[in-house]
Structures are given as C-alpha cells and as structure tokens.
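Asks: I grabbed these lines from TrEMBL:
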type	residues	note
BINDING	B:Cys637, B:Cys643, B:Cys677, B:Cys681	[4Fe-4S] cluster binding site
BINDING	B:Cys681	siroheme binding site
DOMAIN	B:1-283	domain 'FAD/NAD(P)-binding'
DOMAIN	B:316-385	domain 'NADH-rubredoxin oxidoreductase C-terminal'
DOMAIN	B:420-467	domain 'BFD-like [2Fe-2S]-binding'
DOMAIN	B:556-618	domain 'Nitrite/Sulfite reductase ferredoxin-like'
DOMAIN	B:628-764	domain 'Nitrite/sulphite reductase 4Fe-4S'
Amino acid sequence: MSLHNTATINWFFACKVEDVPANGGVCVKYLDEQIALFHFPRRNEWYATQNLCPHRQQMALSRGMTGTQGGEPKVACPFHKKSFSLVDGRCLSDDTECALNTYPVKIEDDRVYIGIVNGRDTETVMA
Amino acid sequence: MKIVIIGNGMVGYKFCEKMIAKATPGTVELVVFGEEPRPAYDRVHLSAFFSGKTAQDLEMAPASWYIDNNIRLHLGDPVQSIDREHKTVHSHKGFTETYDYLVMATGSAAFVPPIPGVDKKGVFIYRTIEDLELMLDYAPKATTGAVIGGGLLGLEAAKALLDLGLQKTHVIEFAPRLMPRQIDDNGSRLLQGKLETLGLQVHTSKQTTAIVGDDVITGLQFADDSILEADMLVISAGIQPRDELARLCGLEIGHRGGIVVNDQLQTTDPFIYAIGECALYNGMIYGLVAPGYEMAEVVATHILGDHKAFTGFDMSTKLKLIGVDVASFGNPFTPADQCRSIVFEDTMKGIYKRINITPDGQHLLGGILIGDADAYNMLLQTAKNKVILPPNPEDVLLGARGGQEAAGAGVLGLPDDATICSCENVSKAAICNAVIDGHETLDAVKKCTKAATCCGGCAPMVKDLITSTMKSQGKYIRNVICEHFDYSRQELFDLVKIKELRSFDTVLDHYGHGEGCEICKPTVASILASLWNEMILAKGNDTAQDSNDRYLANIQKGGTYSVVPRVPGGEITPRQLMVIAQVAEKYNLYTKITGGQRIDMFGAHVSDLPLIWEELVAAGFESGHAYGKALRTVKSCVGSTWCRFGLHDSVSFAIQIEQRYRGLRAPHKLKSAVSGCIRECAEAQSKDFGIIATEKGWNLYVCGNGGSKPQHALLLAGDVDSATCIRYIDRFLMFYIKTADPLTRTATWLNKLDGGIEYLRNVVVNDSLGIAAQLESEMQVLVDNYKCEWKEVVDSPELRKRFSHFVNAPEEKDPTVQFENLREQKKAANWAK
Ligand SMILES: Cc1cc2nc3c(=O)[nH]c(=O)nc-3n(C[C@H](O)[C@H](O)[C@H](O)COP(=O)(O)OP(=O)(O)OC[C@H]3O[C@@H](n4cnc5c(N)ncnc54)[C@H](O)[C@@H]3O)c2cc1C
Ligand code: SF4
C-alpha cells in the first residue's frame, strides 16, 4: 500500500456500491484490462486485483469465493481453488505461483473508484 | 570447502538440501551443473504431467531456493570433463570450476536395446519432462500404442498412453511374466487380468526384433515372426547408468555399467563420490529414489567429518496406477526351503497376497500384494523392523478375526525407531514428537518432519500416528470444518436447525469467526439448502455458494459454462430434442450425451445463460442440477414397456424418483438408477442408491460408486413395494445428509460408518434409533419446497443482473474467451502452459 500513497493515482469510476454482491466480487472493464473488485461489508473493506488467475491464465478471479486466512482477506480461483491474498496479491496455496497485481479502491457517495497508479502502463499491469 | 555437484536430478538436489541443513552457514560453497534446462523436479511423479501438473508444480524447489541458499546453479550446461589431477571440471558452455570434493549424481538414462528402427518417428523414451512434451505433441496423431517393457515404469508409461487418448495400447514383455523383478507368476497373471480391464493388451515372452515403417513407425516385428501394428511406441526396457564422464576420467566402472563406490559412496578417487542411479554399490544399481536419498545423507555426513555408512537398501515398491494395486516388499522371492509362505487368493475380487515368514514363524521376510495393497506400508515396516509376528501370522494378511485386535498389529505396535517415511527417512518417534510439539495436522507434520512429502505412500500411517498420539495425550479429535468453524458438519447441521438460521452471515455470526473461506462457505450453503430448500441465490447466500452453484452452471476451461437440463429417467420426446437442438445452434454450443442419460451443452458465455434458460424453461425444461452437490440423474433401462425381459416399468419408477428428489442438496452429488430386471442394464449397483426389479417388487441397493474408486452398492432391502422403497430412500438420504462430512460420497460415508451396512439397515429398515418418521417428514418438507432454480432466475430481473461478465459493461462478453474447431463443433482452447 505504501507504493500507492507516494505515486500519483488516476481514479476511474467502476460501478455503484450496490452493484457488487456482499462478500463477493465483480469484474470491471478498464480500457482493455479486466479488474476483479471485491467487497467485504462485514469489515467495510474493498479490494481490487487483476482478474486473470496466473495459474492457468483464466479470467476468473472475480467469480471466486472470498474469505480470510488467519485474518488476511483472500480470494480462491473457481478453477483449481488457488488462493491469493487481497492485501499484497501473493499466492497463499503455494510459494511458486506468481502474485496478483493489486489496485487501490475508494468509495465516494456510494460510487466505487479504482486507482491506476501512474507510470504502470497497461502492458506491465497485465504481465 | 568447495563442492561441485554434477547432475541436478532428485538425488543431486537432495544432497544440496542436506548440505544446507547440516553445514555451518558460510563454510561450504556449492556449485551445481545440470544438463536439463530446468531445476530438479519430481521424476517419481512425472506421469502427473499428463494429468495437468505443470513443470513448475513438479519442481523440488524453485530456482530462487538455490539463490537464497547461495548455491551456484548452471542449468542446461552438462559437465564435459573432469581433471582429477588439478581437481577441476569443465562444462559445455566453457566454465571451469575447481573443487575440494566432487559429487556425481548423474542418474541414469533409459536403456534402448539395439533393435533396428528405434530412431523412427513415433518412438519415445520416458524419463524427462522433454520426453513427455514430445509425446504430448505426437499422441493426437496416433491411435494404437505399444510399450516395450512390462516392468514398473513400462506399465506406468502404458497407462499414460491410454490417458493420452490412444484407443488401444499393448505392453510387450520379454520375460514370461509382468514385473518380473517384483512379483511371482500367480501375481503376474492376476495383474495381467486387471490391466486388460483397463484396456491394456499384454503380450509376455515376446522378443521384439525390429521396428517397422519407412520414416514413421507402423508396427513391431517379433522373433516368432508375428507383427503388431502400432503408430506410437515407448521403450522402457530398463535403465543405463550415466557413467560416461566417470569412465572418461579413469574411475572404475562395473562391467555392466555404473560407477563403482564403497560404503562411503566414494569412487576409486577418494575426492569423488557417486550417488543415486549412477552409483554401483555391491554390484547393484538402485533404481529407486529412497536409496538415492539415503546415499545423499551418507555423503553429506561423511564430507562434514562424521561417520556414516551405506549398507544397502530395501527395494520394496508399489505401482502407482489408479485402480491397480500392486506392491512387493522385503524379499518376495525367498527360496521355499528358507521360509514359509502364506498365500491368500480371491479370484472373484481379484486379490492375491503372499507373505514369506521365517520358518519359526517369528518374523516377516517379504511378500507380494495384488488387488489390495492397503497394508503395504504396515507390512513393509513389520518386515524392516523385525517386529515379532502375532501367534497366527496369517492375521497380518487377513486382519484379526474373532473380534480381538491382534497384539502388535497396527502402526502403534511398531518400535519408536521404525522408519515410517522411507523416502525422507523419518522415524515413528520423530513424527510422534512433532505431534506432541503441537503439529497436529498432516500438513503441519509434513512441513516439520518432511514425512509424506515425496511419494506420499506413508501418509495414511502418518495420519494414524497423529490421531493416536493426540488420543494418547487425552485430546479429543474432532473433524472441524476449517479455521472459521470449530464444529464438525454434523454438529453445525444440528445447531443451524435448532436456531433456524437461514443465511451464511447469521451462521457465521452465531458459530464462526473471520470471513469464511472456500471450504466452509459451500459447506454451510449446502447445510442451509438441505434444511430449508430455499432459493440458493437469495441475497446473502449467493456468494457463499460454490463457484458452480453461484452461476447455476458448470464452469469449464476458458471460463464459459455448460448447461444440462433435467431429463427425468432419460426419457425425452422428439419435440424436446428439437428445442435442445435449436438452443444449441442459436448460442453456438457444443453438445454431448452425458453418462447420466442427458444432454450437456458446453461453451455458453455467462451472459447468455439466462437467455438460454429462458428458452429451455419456456419449453418445459427444468434445471438438471449438474452444477450442484445434489441429486443428478436417475438412469433407467427401458423396462417392461418394451423389453421382453422386463419385470416392471423401470422408466416410470425412475421418473417418479427423479422428480421426487430433484434439487435435493447433499454433502456430495447423488446418482441413482432403476433397472427393470436382474440383467441390470441401468447399472444401478454402481449408484448412491439403485433399484432393481424382482418378481415380487424391488431390491434397493445403496452406497455404490463409480468414479476413481469404484465400489458396488450393497443390498439394503429386498422385494419391497414401490411405496416402501421410497420411504426407505427418504430415510436413507436424510440420514446421510444429516451425518456425512462435507464432500463425502455415500460409499465413503458407509465405509466410515461404525457397524457398516448392518447398522445402516437397522436405522433405515428397523428404525433402531426411532427417527424414521422424523427423517421421512424432513424429506417431505424438502420435496414440497422444490422450485426450479433456473425458472426463478429467468423470472427475476434482479437475479438476472448477476449473470454478466463486466459489471460496468453488461452487454459485452469476455473478449479473452477462445474456441477451436473439432469434428464440426467447437472446443475450449487449451490451458496456457
Ligand atoms: C516415470 C518414472 C517413474 C518413477 N517412479 C518411481 C517410483 O514410483 N518410486 C521410486 O522410488 N522411483 C521411481 N522412479 C525412479 C526415480 O525417479 C529415480 O530413482 C531418481 O530420479 C534418481 O535420481 P538421480 O538424481 O539419481 O537421477 P536423475 O533424477 O535422473 O537425475 C540425474 C540428472 O543428472 C543430469 N546429468 C547427467 N549427466 C550430466 C552431466 N554430465 N552434467 C550435468 N548433468 C548431468 C541428468 O540430465 C539428470 O537431470 C521413476 C522414474 C521415472 C522415469
Ligand atoms: S468426466 Fe471428467 S474426469 Fe471423467 S473423463 Fe470426463 S473429464 Fe475426465
């Protein structure tokens, strides 16, 4: 998160709060990217990551089941149940899987915004 | 001290791991040369590459591990020469490294006999990931496979060919029996029968003289002049130690290959060691991983100045084929005058077991297990640790009979220093101590002791040790669901029922902590559905559903879904077929008849699902629940309406039953079938509950299973009328739903049920617990509450909204979805590697 605080961030409007199912996720389109957005109403937290599961390259994380592991919020891919931390994107099921890109999220007037950190262009975000 | 290791295979890697663990940090410099392009991987589980494991999954440790431990790893760079005088090695890419000690772990290569034609296209060996990649590329072009060699590896390769989609595969063995080094004639005969049911054709006493075909293989020619057609061949005729480097620098080599080593694994040059499959100890090459690991241990200890000797190793092995249990342990071939043999054979079930014991009946020497090798680890340890046998030694084969546990039987009877995990050489005491220190799950014990991390064969014994150690410490073992709920499924089921909780959140508030996870969410969702049978996508419960339930469809490769309408009893009208055809064409879906007598339509975009179902529902179709842990199908044969043997109308009964239990959610999926007579065309005895017509009524069978571990259903009640049959099924299903652990099929549930089928029959038929009426009325509530989930979605704009790929562009489909063409239909694009 410290990276997000120091870099400049471009916020784009993703959807309304009510569009995202409680304790679940949706997929947000941003230019040619797909971003998975998750809402944890019980702890009033929002997270966003890439939608692509790095394990088998499937656009599926937004349809995964969310939850916690030892208090850390996570999502499990619907294909092979690999779990990823929503805080820093690292794979919790095995040490060798690549980590996810994460994005900052903010809420204003029931509207959800996702931040794109400047200098990270589309290419590197998807890599 | 600087050590150079030649070869980064399983044993070379293990040596590095042991050095890092034993040496004082910073005192040893390790340099590794590996010929293969990737870091060491788990060759023992190489075949898993074909069932979807990636090269990365198989890695012993990622490349970063070597960096973190300051090991210099040169991959894709074989050592080409050794200068013993100056103590240097020289690599293919031109590096020269000096050494204080050199460790050769060059392994072995597949032995390819000098048969004319082995260089033709379509001929493969089975040793490295590259070999498997080549096979994967070639297999789609081939239809008939052959494997030369009927040993452990050959059979594994043959099964792999079948799994690759070859319609027929032949195994050719030069000796008169399969696995000649491990099992005897009787065992081999039984094994052959089993392999043939898998689709493998076995030819023994066959000597291949040529591989025929111009450029590409078309067949094999044998010494008896016969010819076998085949368009893909794997040669698995043994191994050839990689001793070429050692030979070149003048070390002593055995006359049939292998680098000669002493008790310390030193070659004839005391600064050079050889370990693993390249080492020749006492005239023997050890072609297994466990002895290689032991060699690594000896050398690491010896180099660091301690004393340890290699004294040979047990060659016990188990074949890793699903559905075919074969194992041999100790010495299975002790001559008859030096031992007594006990043989047990059940030709009906395909089981053959033989043990050899000392003439005084005190100790186990070795044996062979075919068809049922569950006791393998136990027997192996009994033999290795010279455990005194019970007074009736046959008890170790057959289990104690007459109600009393045989003294000394079971893992608890083993001495503390017994090796439980032979791959990693972990003793019973080490595991028990880990449990006492608080490592109370299999995962925790694996991490702490490394037991069960290699071949995994000892995992059941490790689990038993965890349980018994915890028990001996007075700890109550409960099967809790996960870190969020300290309850078993059965306990939670009762609590949710008493408190009448109806959403995941309220259950979490009352009985859980944290946010839940992919284990407890679907478990609780299933309990709620089994108790109340309310719409599973209602707000609050939608995101607790398992991924398929959440979209009421099965997610498939690439992220599209498949659609299966219910076709009760497999009966379908021409008009309904036309509707399915129209829908499939309109939405460009791949269609296939399923094993459960219905039609599956694949490749639907998530946003098309409500549109597809709108048309299906309008034509009278209902959800088939193929996505749920729920009743799937009730198959039927055509029965007395058409069949000249039929005793009753099996189709009508199947439809009645399918409609009664449709949508019923359970700890796991449920399958059923009804056959119209004893010929059993509907295969009812392989189902969770199956019904077969008799002269007097119906026979009801329960707890059968197809799938990876087939099990026949057992008779619960005979000659009952239709109404009684249904009442028994109500009770049986409800009892299962209330008491089974999550994701436990009825067969596994019964296997764990104390008292087995007799107990179940007492509960269901004789009402021994006095709960029959309650079970029936609970089932009736579920039956009365049934609604078609898809109809509810189609009718609700709110629910339909959830079926889009992009929340902010609902009309757009996922642009990354890709299809390929296949026989005039489409298929999903392959997984990315
Ligand atoms: C399909 C299959 C299934 C198996 N199943 C089992 C089983 O169930 N149980 C069991 O116990 N064992 C099994 N084995 C055997 C087991 O894999 C081997 O015993 C084990 O891999 C031996 O380890 P190693 O390090 O000695 O040799 P390897 O793993 O072969 O490693 C040797 C490495 O050295 C490299 N090398 C050779 N020469 C040079 C050089 N000059 N310079 C640099 N590098 C070099 C090789 O390329 C190779 O990577 C199986 C093997 C196969 C192929
Ligand atoms: S049903 Fe599934 S597991 Fe069985 S063969 Fe088909 S794809 Fe494989």
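Keep in mind that glycine also has a Cβ here, set from the backbone N, Cα and C atoms.
Annotations in TrEMBL come from automatic prediction, not curation.
How buried are these features, and what lies next to them?
Replies: Neighbour density for B:Cys677 ([4Fe-4S] cluster binding site): within 10 A of its CB lie 19 other CB atoms from the protein chains shown.
DSSP gives B:Cys681 ([4Fe-4S] cluster binding site) a coil state; it is part of no helix or strand. Within 10 Å of the C-beta of B:Cys681 ([4Fe-4S] cluster binding site) there are 18 other C-beta atoms, taking all protein chains into account.
Across the domain 'NADH-rubredoxin oxidoreductase C-terminal' (B:316-385), DSSP classifies residues as 12 helix, 30 strand, 28 coil.
Per-residue pLDDT, averaged along the domain 'BFD-like [2Fe-2S]-binding' (B:420-467), amounts to 83 for this model.
Look at the domain 'Nitrite/sulphite reductase 4Fe-4S' (B:628-764): DSSP puts its residues at 52 helix, 33 strand, 52 coil.
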Asks: In the domain 'BFD-like [2Fe-2S]-binding' (B:420-467), how many residues does DSSP assign to helix, to strand and to coil?
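Replies: Breakdown, helix to coil: 26 helix, 4 strand, 18 coil.
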Asks: Thinking of Cβ pairs under 8 Å, which stretch from B:1-283, B:316-385, B:420-467 has the most of them with the domain 'Nitrite/sulphite reductase 4Fe-4S' (B:628-764)?
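Replies: Result: B:316-385.
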Asks: Under the DSSP assignment, what numbers of helix, strand and coil residues are found in the domain 'Nitrite/Sulfite reductase ferredoxin-like' (B:556-618)?
Replies: 32 helix, 14 strand, 17 coil
Asks: Including all protein chains displayed, how many Cβ atoms other than that of B:Cys643 ([4Fe-4S] cluster binding site) lie within 10 Å of its Cβ?
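Replies: B:Cys643 ([4Fe-4S] cluster binding site) is surrounded by 15 other Cβ atoms within 10 Å.
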Asks: Compile a sequence-ordered list of residues in the same chain as B:Cys637 ([4Fe-4S] cluster binding site), six or more apart from it, whose Cβ lies below 8 A from its Cβ; state 'none' when nothing qualifies.
Replies: B:Cys643, B:Gly646, B:Ser650, B:Val651, B:Val674, B:Ser675, B:Gly676, B:Cys681, B:Ala682
